[in-house]
Each structure stands twice: as C-alpha cells, then as structure tokens.
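Written below as structure tokens is the structure these notes are about.
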C-alpha cells in the first residue's frame, strides 16, 4: 500500500474541496524546487511507445489532467512532474468569479465518484493569462475557456474571445467549454448555430489548436450536429465528455442527490460509448474523459477512439502516482495485444 492510500482515510475526513486545496498547496510548494525534479524522476514513465501526436501537439504519454484540477494555472509544472502527458487548466472566464456557495464538491466514496457544482470559480482571464505566459511546463498545457456567469448568451462570442486573447500566449491548445452543468444556460450554447458562431469567432481570432468539450447528456442528434460543426470549421478535435447531471440507479452514496455534475466511475461506460460514437463519425482526434482510474479504463477509451485521455476524479481516489501507474499498465497491455505503440491501438474496437 502506497503512502497516499495510507493517508486517504484522514484526507477523506475533510470536506472534498478542503482536501483538494491541501493537495494543491503541497504541489505548489514542490513546484520550482529541487523536489520537483525528484518527483518527476519517480513518476515519469519515459517510453517512445507512449508518445502520441494529436491536434498539432506531441504528448510524451496519453494520460492528462482534466480541466478543473488547476483552475488558475498555478501548478501545471508540478502536475507535469507527476508524470502526466499534458495538463489542461481552467475553466477560465473573462471575469474573476467566486463560483457557487460552498459546499460545492462532494465525494461519493462508495461509488468512486464526485459531484461538483463549482461554477467556474477562477481568478479571471487577465491574471490566469499572466501566469500562463510565465509558465514553462515540460508537457503541453491546454486552456479550457468558459463563459462568464454575468455574460448573457447573446454576448457569449465576445466573452469567450476576451478570455482567449488573454491566455493565447501561454496555451498550447484551447478548449471551448459549453458543457459544464454549473453555469445557468451554458449548455444552450451547444446548439449548432451558437456553437458555430462561438467557435468561428475564436478561429477568426487565431485560436489553434481549437477543440470543443461536449456533454454526455446530449442526444445522438446533437452530438452529430456538433461533429458537423467541427468538420465544417476544420476544428482540431473533440473532448468527450464533461460531467453528467444524470444519476444512475447504481449510486449508493448519501451525497448522490446533490446538485451538480457527476464524474468518476459511474460515467465510465457512457463516456466511452460517446467516444466510440464520435470516432465512428469523424477522423478528428478525440480526448477521452470520464471514469479513468487505471490502465484498463484508459486503454478502453483508447481502443474505442481516444487519441489521448484525461482524468480528475481518478487522481482523488488513486493519488499522485496514478499517471505513472496507468502508463506502466498501458505498456503491459500494448505488449499483451501486440501493439507497437499507443497510436496503433487507437480505435481498434470501432
């Protein structure tokens, strides 16, 4: 049993957001110190078979940190040192936001899940942009861009554009987030016309590589519309998926009825199904997100069409060596199945 598993019972006595903040402070304390290099040497799996080239980026391995863990771009270097192949910061909004009242993050320990209703709490595009510009991360850094709560949907294009222009110099790729369930009216921007307008505005402003993050709660027809927008505009990829507002009957935890987006093990199969659905309809690279907490769940996303994957909830339950453990496991799975690289395994189950 590793150190994190020994500490986890004590950490889980804390409020979920408080525990997250504690972990964040530890990583912030490591970042930029000699200890960061020691951590990187311990956690990083270096093997050319893990390398993935997708949407103009070279990822040293396919396992990334999903948006939400480092909302303000404060610890991307430290997260990279944990062995992740990329880090996505944000969601970042044009204006600073306090987010929703606490408590707003809940563990569903029996279900290996989280529910959050954070509400895009962040320092705002001006401050986050300055941090990103000063960042020299060892892995690609993506920037997840959300809409300010104060901005009407009719003003969404200008709001997203303001944020993009402030973070443009510090991001390696950019993600339009229209799928968080915790900003009123945001998911309405997933309609074809609104999505096309927002993405087109950012493209015209030079945003590249540009991806869109979709909800798992969309209908098949709505997903197909989004794919058509991605194809028509020549976008670089799709992230599938965000959290869900659905509550599977299988949930057992007391917090299951809390309002917000559900992530973790209960959405594994649904998110994989959506990855496969998208991969059957487009050759655009897909970032698979949802319920990844070990090599097998990451491999399943990859075999169903994901070029790279991301996790957040898995980090809460498995601890800071999760990227190392997944990458080691992926190498064994590739050897077992006769693949020369991760890229060779992408989409083989479609």
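Quick reminder: no glycine exception, Cβ is built from N, Cα and C everywhere.
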Given Swiss-Prot lists 116, 117, 118, 119, 120, 177, 182, 242, 243 for substrate, the same-site residue among 71, 301, 332: 71
189-208, 209-228, 249-268 - the one Swiss-Prot records as region 'Disordered': 249-268
Counts of helix, strand and coil residues, the region 'Disordered' (249-268), according to DSSP: 8 helix, 4 strand, 8 coil
Cα distance (Å, whole number) from residue 242 (substrate binding site) to residue 264 (FMN binding site): 11
Alpha-carbon spacing, residue 119 (substrate binding site) to residue 69 (FMN binding site), which is rounded to whole Å: 13
Residues near residue 180 (active site, nucleophile) in space but at least six apart in sequence (CB under 8 A): 91, 120, 146, 186, 187, 242, 243, 261
